[in-house]
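Feature list (source: TrEMBL):
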TRANSMEM  25-49  transmembrane segment
DOMAIN    41-290  domain 'G-protein coupled receptors family 1 profile'
TRANSMEM  61-81  transmembrane segment
TRANSMEM  101-120  transmembrane segment
TRANSMEM  141-168  transmembrane segment
TRANSMEM  207-226  transmembrane segment
TRANSMEM  238-261  transmembrane segment
TRANSMEM  273-292  transmembrane segment
Amino acid sequence: MAPGNLTQVTEFILMGVSDRPEMQVPLFMVFLVIYVLTATGNLGIITLTTVDSRLHTPMYFFLRHLAVINLGNSTVIAPKMLVNFLVSRKTTSYYECATQLGGFLVFIVAEIFMLAVMAYDRYVAICNPLLYMVVVSRRVCLLLVSLTYLYGFSTAIFVSSCVFSVSYCSNNIINHFYCDNVPLLALSCSDTHLPETVVFISAATNLFFSMSIVLVSYFNIVLSILRIRSSEGRKKAFSTCASHMMAVTVFYGTLLFMYLQPQTNHSLDTDKMASVFYTLVIPMLNPMIYSLRNKDVKAALNRFLTNPCYSLKSI
């Protein structure tokens, strides 16, 4: 096709999770329940860690921001996804697609590094408990969270600009339920070598550095726990990081499954299923992980439900 005959795309069509008409309403109900649970759980964590003075510690400060990130990530994806289950023409404008990609990147990158920050927090709490409030002071907490959001935002601007710097012509059907890097670049009618390289290097670098922080932190945590002589002391130390270990395992396990699978088995459909997990299911699971296994959060919830007015006065 001659370059003069190419028509610049002004909108994209999202194929969604499934293209089977009889599955649209059941899938709508399933993902509506997931999103409601996600919003309820994360708003609950944000509320409890804000209003209850006993949860005004670095660990719960970071947990509050993880809940904000989880809520933001699912909200960038779920509403448009739910609407598309109920309409016949699943379109999204060029600029709406770019905005969704940028929003997704902000929150997914922020989540990767927030989990790393939380691992460092647990490392200091267990390995240097006497210096904990000095090392992880309020100023340090604000700095770490600010840098996490700033890095997520700058990464989103840079990567999404690269993805949308290429030309999109006649083919505008995205094999996904939201605007993501790989399925978007697959539609381009121009050279995608540079943006593909940028996407790969960015994803690999972020995963490498965040996982390095997590692994080094937990390696030292395990060594420190093994040095504790009493079984009760080891159990107590382990319980302080058990919830975070579970959240990290689920999140990084999903990402590693997606990026490390053999090229022969790789497909956009596999990516789509993995994306459902880390954009919608994990944000729903995290509040459950941190509340069901955490006595402080359950006690705060009980206090809030028993006397919400007292909790609000303590802000």
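Positions of Cβ are set from backbone N, Cα and C atoms, glycine also.
Where the transmembrane segment (273-292) meets the stretches 25-49, 101-120, 141-168, the count of C-beta pairs under 8 angstroms peaks at 25-49. Here the transmembrane segment (141-168) sits apart from the transmembrane segment (238-261); fewer than 3 CB pairs are under 8 Å, leaving out pairs fewer than 6 apart in sequence. With a cut-off of 8 Å between Cβ atoms, the residues of this chain six or more beyond the transmembrane segment (101-120) that come close are 59, 62-63, 65-66, 69-70, 72-73, 76-77, 144-145, 148-149, 151-153, 155-157, 159-160, 163-164, 178-181, 184, 206-207, 209-211, 213-214, 217-218, 244, 247-248, 251-252, 278-279. Through the fold, the transmembrane segment (238-261) approaches residues 111, 115, 118-119, 122, 125-126, 203-204, 207, 211, 214, 218, 221, 225, 270-271, 274-275, 277-278, 282, 285-286, 289-290, 293-294 of its own chain, all at least 6 residues removed from its boundaries and within a Cβ separation under 8 Å.
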